[in-house]
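For reference, the structure discussed in these notes is given below.
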Number of protein chains: 2
Amino acid sequence: MKNKGNLIVISGPSGTGKGTVCKELLKAQPEIVFSISATTRKPRPGEVNGKDYWFLSKEEFQQMIAENRLLEWAEVYGNYYGTPADKVREVLESGKDVLLEIDTQGALNVQKMFLKEGTFIFLLPPSLAELEKRIRGRGTETEEAIKRRLSAAIEEIPRGNNYDYIITNEVVSDVVNKILHIIEAERCAVYNNLDKLVQLENEKV
Amino acid sequence: MKNKGNLIVISGPSGTGKGTVCKELLKAQPEIVFSISATTRKPRPGEVNGKDYWFLSKEEFQQMIAENRLLEWAEVYGNYYGTPADKVREVLESGKDVLLEIDTQGALNVQKMFLKEGTFIFLLPPSLAELEKRIRGRGTETEEAIKRRLSAAIEEIPRGNNYDYIITNEVVSDVVNKILHIIEAERCAVYNNLDKLVQLENEKV
C-alpha cells in the first residue's frame, strides 16, 4: 500500500512570518510541494500560470466555488483568491507532502475538509511589541491601516487553540527545524500507518 | 510559566524490541528519565532500590493499589509489578520527559490517566516471521511457551490503533531517530503551548 503525503498547513496572524518560514522550509526540504493559489486578478509582468498562481476568469472561479472545488477562498478588493482542492489531493495521492501557507480564516475552512489528514501549525510572534514592529516594518500602510491590521492580528491569537502545533517565530531557522521534526513525526502518526497493522494481520495463516 | 515534561510510552507486543529501543533512546538523549517500576519480588544480587526497581513489601504494594497510586500493575508468578504514579508526575512537573517501557495491557491503563499528556508509541515487528524468529531467539522457553507467546503477540497487533504513533522496528537506530523527532514535535504540540497564547493575551493593555 502506498502511503499518502501529508498536508502541512502553516498559518497564524499577519506579521508572524508565515511567508519567510515557508520559503526557508522549501529550501530545506525541496521535495515538499508548495500549494499554488488560484486567483482572478490579472497576472503581473513575469508571473507564470501554474507557478505563481493559477490565473482564472471570474466565471471559472465562481464555478469552482459552486462545485465546492476550493479548500478555501476569499474576495479581496474585487479579486478572488483560493486553494484548488483537486491539485492538493492529486499531489497528496502521489505520496508527496503539500505545504499550504494560509491565513487563520482559510485554515479553519481547510480543517473542515482535512482535519484528520492535515498537520496544522500555528505561528506566534515572540511578543505583541515585536508583532507591531513587524507589521510597521512593511512600511507600506497608513497609521490607521497598521492599527487595524495589528488589532486584527491580536484578535486571531486565541485561534491557535484549534491547531495541532504552536511555534513561536523567534528565529526562522529554529522554526524550520521544528517543522522538519513535526513532518518526520507525522510520518509515524497512527493514521498514516494503519495499513501496517492490516499488512501484518494478513500475514496470518 | 514552566513547561511540564512529556510522558513517552514505548509499547508493543513482546518480541518487538521495546527494551533495546529504550536503552538506545536513553543513550541518545540521557536527559530523559526512565520510569522505574515497583515490585514485590526480592532484589537479586547487585540490584539497587531506586535504580533497578523500587522494592516494596506485598503490603506496601497492595496499599498503593488501594490508593490508586499506580499507573498500571500486574501480578506475575505471585509477584507484583507496577508503575508508581507519584514518581512519574514528580519528574514531569520538574519539566523533564519520562520514558515508560510497558506491555500493551499496561499502556491501556496508562492511557486512561494520561491520554492527553502522554505520547503513545507502538512498536511493530517487520513481519510475523521476524517476530517468531525474535521470540525463538531468546532460547529460554519450551516450544509450547514460545507458541503461546507468539500467538499472544499476534493478537496484540490491532491494539496499535489506539496509539499516537506506530513504528516498525527494522533497524533500532532508525526507530530511535524517529522517536527523537516525535519528542521534538511533541514539544510543539498545542496542549504543551497553550500558555503561550495566554501569555500574549496578557500583554494586551
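All residue numbers here begin at 1 and follow the chain in the order shown.
Glycine residues also receive a Cβ, built from the backbone N, Cα and C atoms like all the rest.
Remember, TrEMBL labels are computer predictions, not curated facts.
Listed in TrEMBL for this protein:
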DOMAIN    B:5-184  domain 'Guanylate kinase-like'
BINDING   B:GLY12, B:PRO13, B:SER14, B:GLY15, B:THR16, B:GLY17, B:LYS18, B:GLY19  ATP binding site
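Annotation note: B:GLY19 (ATP binding site) sits in a helical segment as assigned by DSSP. Local packing around the Cβ, expressed as the count of other Cβ atoms within 10 angstroms, is greatest for B:GLY12 among the binding-site residues B:GLY12, B:PRO13, B:GLY15, B:GLY17, B:GLY19. Cβ contacts within 10 Å of B:LYS18 (ATP binding site), excluding its own Cβ and spanning all protein chains shown: 20. Those residues of the chain, other than B:GLY12, B:PRO13, B:SER14, B:GLY15, B:THR16, B:GLY17, B:LYS18, B:GLY19, with a C-beta within 8 angstroms of the mean position of the ATP site C-beta atoms are B:LEU123, B:PRO125, B:ARG134, B:ALA153, B:ASN169. For B:SER14 (ATP binding site), applying a Cβ distance below 8 Å and a minimum sequence separation of six or more within one chain yields B:ASP103, B:ILE135, B:ARG149, B:ALA152, B:ALA153. Residues within less than 8 Å, Cβ to Cβ, of B:THR16 (ATP binding site) and separated from it by at least 6 positions along the same chain comprise B:LEU123, B:LEU124, B:PRO125, B:LEU131, B:ARG134, B:ALA153, B:ASN169.
Per-residue pLDDT, averaged along the domain 'Guanylate kinase-like' (B:5-184), amounts to 92 for this model.
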